[in-house]
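Worksheet: the structure to be examined is printed underneath.
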Amino acid sequence: MLLKVTVLLLALSIGKSDVITKPILSLQPPWTTFFSYEKVHLTCGHLDLMGLGDILWYKEGKKFHQTSRKTTVISQSGQYSCGSQDSALSDPMNITFYNDWLILQTPYSVFEGDAVILQCQGWKKAKLSKVTFYKWRNPIYFTKENKPLSIEAARIEHRGQYSCNGYMKSGNIHENSKPVILQVQELFPQPELRIKNSTEAMSESPMTLSCETQLPPQRSASRLYFSFYKDNRTIRGRDQSTEYCIPATIMADAGFYWCVAASEDGQVQKQSLRLEIQGSTSLPMVPMGHRRIQLVLGITLVLFGLTGITAVFLYYFRLLKKAEGTAAPDPARGPFIPGTPETLKASSSQDLESCPVYTNAISKDPSPREEDSSVIYSNLVLP
């Protein structure tokens, strides 16, 4: 009782959605397909800890029932969910009731690493023989005595459409089941290796690496184990702690680091991207997966820069060539200078002479005239 009160007070102080984001719907028996004469018990979990009052039951998104208890019984096909007036709805669950001779029963909730059993069932437990299981209509398992299809540790690639067929009543009647979709959910995402104190990390200060991932709410009671690696060796074996501390990021500790998160039984293991740590600098560390992208972007920018500079130089040299082709040097005038240069400051030096600077046209008469507006005089220092 004390635990419930504590959780409720915590929810009121920081927001209910931060404690339990939404309820979890489960069912018993734990299948998604049933015969029409069977009853199924639905349970809306976690709402008792939130103290949110009556539970609302939904079918196809519409409320069909309200109870003070967290369990109800159904016997019709549909998409079911649950919640309360102050909570979000649970994830929907599709449940199907068949009036067939044969059905394939699959678990409703499967995560990576789970042991999975698929069983072919006859109407009212009728005996089956020579049973074949199919995935995407391809035969994958045959049993003479109707043994279930077992998957020791489910993986994402086990997702798919399954069905079965077999003989009933002493092998006289051959029946086929309806196809059923087996969903395998990710137990936890690929871990990400991060530097916990990256903003404070200096070249001679401790550095903490954190291997970050998360279990789903349905498996919050499960435990994960973490190990850390540098280059080609293990620097810390399996442990429940998500952190590893490097005593000092000196040059000896420079290298490529990564971590592995694993389930308790080791059936599910996922590795993070490699993280490069440079011991003699406090520059940002970049995972190897992003370094290639940055390298490509850097090379692209350099090529664009070189192309732009080359274009500017080519344009400038074309101007020079064009100017040299339209005006020959005249000793009486001095050297021809294209463009409009800045006016030099006057000087008392004896080496200064006045030289015309041509901008748009070249005067045929070297002596200046009042109507010649294309000639500008400036003081230049002759070599």
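Every residue gets a Cβ built from N, Cα and C, even glycine.
Automatic, uncurated: that is what TrEMBL annotation is.
Within the set 261-283, 330-352, the record from TrEMBL flags 330-352 under the feature region 'Disordered'.
In the domain 'Ig-like' (23-96), the DSSP tally of helix, strand and coil residues is 4 helix, 40 strand, 30 coil.
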